[in-house]
């Protein structure tokens, strides 16, 4: 990628010169300003997440045996735990909005179900510190929820907000699952772009993209026999990644046992690298996008490819984050660090979690 991003040569180097890159999945462009990496930082500094989180807190509504805001008491669960969101954004019953009589003022009914899923009974564990069997249980629960809610709703959005920087004030490892009676904006956009690509090229966009990235390797972070993780060519966030299966898969529920095992492995490898980057519990928002469900289960969705987006905000350190403001809000997305540079940094990181390395060092010193 050191040569011309759009042809033309002339001494162009992607790691030094500004250029734009096209995101075919979103049908939009991102401005890459690699020369800005060296600028001094005088902006806001964030507070790093706490290192010491209590394993169990009776006042934490996500802990086993704790009382939630609605008065319900959680069971003393030992694995994953799924329950209805006590303050759901979507509910199954809602009246139809009145017709405004003017096309500029349109409204539509929005119905659905919102659930919360705890990954583990211990609040001091996050996915990169969980065992492969424990992560596999999370994946199985995701697939079950997708199948269960997808039988009735056209879209099931599984997402995790990790860290206070991403608006998550509760450190207990958990995610949310929202099923909606409509295709949300991101789903509608990816439906259109993937359908168009398949119609024009005869192959699912993200399957072709995965094959290309596996060959080029410059944006590859981790891979195994079934999956690969890349910093997308069109990445917006500094260390954004895209998790892709190697074969054509529509939904999580379509994954076989071995693919679920290898998914657990590659997720943990990626998340360990994330934590190791700045030696902090790395904040991010992530979510799965698969083929629509509900009535779409009876339609040909061969243009879709299952994938997961990871959007972490950190830029230079555990205290310096990227803000999507100003130009990004009013014009288009912009980044400094190139995707190739970000991938190289992540790829070079060890796959043993920094907390465990510190423990090994202490234990080794004690034995001497």
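Numbering starts at 1 and runs along the chain as it is shown here.
The backbone N, Cα and C atoms fix where each Cβ goes, and this holds for glycine too.
Listed features, source TrEMBL:
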| type | residues | note |
| --- | --- | --- |
| ACT_SITE | 174 | active site, tele-UMP-histidine intermediate |
| BINDING | 36-39, 69, 85-86, 161, 167-169, 176, 322-323, 327-328, 334 | UDP-alpha-D-glucose binding site |
| BINDING | 190, 289, 307, 309 | Fe cation binding site |
| COMPBIAS | 1-12 | compositional bias 'Gly residues' |
| DOMAIN | 13-184 | domain 'Galactose-1-phosphate uridyl transferase N-terminal' |
I'd like to know which of these binding-site residues, 86, 190, 328, is least surrounded, judged by other CB atoms within 10 A.
86
Binding-site residues compared (36, 307) - highest count of Cβ atoms within 10 Å:
307
Spatially speaking, which of the binding-site residues 36, 86, 168, 322, 328 is closest to residue 289 (Fe cation binding site)? Use C-alpha to C-alpha, please.
168
Could you round the CA separation between residue 322 (UDP-alpha-D-glucose binding site) and residue 307 (Fe cation binding site) to a whole angstrom and send it over?
24
Considering only the recorded positions 36, 86, 174, 328, which residue has the minimal Cα-Cα separation from residue 190 (Fe cation binding site)?
328
Including all protein chains displayed, how many Cβ atoms other than that of residue 322 (UDP-alpha-D-glucose binding site) lie within 10 Å of its Cβ?
21
Measuring CB to CB from residue 309 (Fe cation binding site), give everything in the same chain under 8 Å that is also at least six residues away in sequence.
240, 241, 242, 243, 286, 287, 289
Taking the Cβ of residue 168 (UDP-alpha-D-glucose binding site) as the centre, how many other Cβ atoms fall within a 10 Å radius?
19
Can you figure out which of 86, 307, 328 (the binding-site residues) comes closest in space to residue 174 (active site, tele-UMP-histidine intermediate), comparing Cα atoms?
86
Counting across all protein chains present, how many other Cβ atoms fall within 10 Å of the Cβ of residue 289 (Fe cation binding site)?
22
If you average pLDDT over the domain 'Galactose-1-phosphate uridyl transferase N-terminal' (13-184), what do you get?
92
Residues other than 190, 289, 307, 309 within 8 Å, Cβ to Cβ centroid, of the Fe cation site?
25, 186, 206, 242, 287, 288, 290, 308
What does DSSP assign residue 190 (Fe cation binding site), in three states?
helix
